[in-house]
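Written below as structure tokens is the structure these notes are about.
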Amino acid sequence: MITVNVDLGDRAYPIHIGAGLIGRTELFAPHINGSSVTIVTNTTVDPLYGDALRAALAPLGKRVSTVVLPDGEAYKNWETLNLIFDGLLTERADRKTTLIALGGGVIGDMTGFAAACYMRGVPFIQVPTTLLSQVDSSVGGKTGINHPLGKNMIGAFYQPQAVVADIGALATLPDRELAAGIAEVIKTGAIADAEFFDWIEANVDALNRREPAVLVHAVKRSCEIKASVVAADEREGGLRAILNFGHTFGHAIEAGLGYGEWLHGEAVGCGMVMAGDLSVRLGLLDEASRQRLDAVIAAARLPVSGPALGEARYMDLMRVDKKAEAGAIKFILLKRFGDTLIAPAPDEAVFATLAKTTR
């Protein structure tokens, strides 16, 4: 097992990475101080890993309940969030009740938001079961739900007590979900660590094959990078925004098609292709680097062309982006691998990128 620490002073927490971790009682015990625990999971994950987690919690002598939600991005909304609150109130959960998010990014985001809101804040633990949630969404305290007009527009910054990333859970992950997670690994290397990007290029086929040692390194390095960014800029006042490379275009794709039509990582992968093209058009990134970026995204079996929503629709959707100011869209742009710029772009350049990268 490898442990990466997120250094946030008295709110610091560990990220445990390895195989077989869901069943290890000692990873959960230090972070559960009340008399009850509520596991929040979904209809896909609970049959796979719910019993193992409940067995790990049994020696602690806590009252354990489970809220099982429908699976999918389409359910990341107020109605589903209320199912968590219904479960907590039915069980008479109190301020010391610990929530455990067992699932992918949707479960983690909603459980964290529920934890931030219930009784104005209760502790929670992330147990991410997808690659995307292990390398990205479970770390950093971003929680929330979608709105029909924009992704993740309603939420809170609320840090977990711990993250338990069990690599063994990736064995049951569908290929599309694996590729979606690799997209976030690629993003992390592209924005923050050129050497890590080189490693991803050399190992993308091994990632596709789910080789355990390669997966462990991908999760470890991605978490190290994200932890350092979050420690420096917890609430996205500046530096942390670089983690949204590919997300401005990607969120527009998700909202434009309807949440769940494309996986989040698929939209981010395609969004990176778009952002790379825009970076070249603005004279920031060289063409050879853009081609390398596109090639590794394609090798990860991710889409490299966006849906033809129309230029006006893309622009409207991107103006709802959280980075936008007074209606001006800000993009995360690449200067070279490991070096980014956050800036607006002329509409003509964005239109040209959309014309080239959508079908």
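Note that Cβ sites are derived from N, Cα and C of the backbone, with glycine treated the same way.
Record features, source Swiss-Prot:
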type	residues	note
BINDING	71-76, 105-109, 129-130, Lys142, Lys151	NAD(+) binding site
BINDING	Glu184, His247, His264	Zn(2+) binding site
Number of Cβ atoms other than its own within 10 Å, given for Lys151 (NAD(+) binding site): 24
By Cα-Cα distance, the member of binding-site residues Glu184, His247, His264 nearest Tyr75 (NAD(+) binding site): His264
Applying the rule Cβ within 8 Å of the centroid of the Cβ atoms of Glu184, His247, His264, what extra residues of the same chain belong around the Zn(2+) site? Leu132, Asp136, Ser137, Ala180, Ala183, Lys187, Gly246, Gly250, Gly265, Ala267, Val268, Gly271
Based on Cβ atoms within 10 Å, give me the single least packed residue among the binding-site residues His247, His264. His247
List every residue in the same chain as Glu184 (Zn(2+) binding site), at least 6 positions away in sequence, whose Cβ is under 8 Å from its Cβ. Leu131, Leu132, Val135, Asp136, Ser222, Gly265, Val268
For the binding-site residues listed (Asp71, Glu73, Asp109), most other Cβ atoms within 10 Å of the Cβ sits at Asp109
Spatial neighbours of Gly105 (NAD(+) binding site) that are distant in sequence (at least 6 apart) but have CB under 8 A: Pro128, Thr130, Leu132, Ser133, Asp136, Ser137, Ser138, His264
Rounded to the nearest Å - Cα separation of Glu73 (NAD(+) binding site) and His247 (Zn(2+) binding site): 16
Counting only residues 6+ away in sequence within the same chain, which have a CB under 8 Å from the CB of Ile107 (NAD(+) binding site)? Val40, Thr41, Asn42, Val45, Leu69, Ala101, Ser133
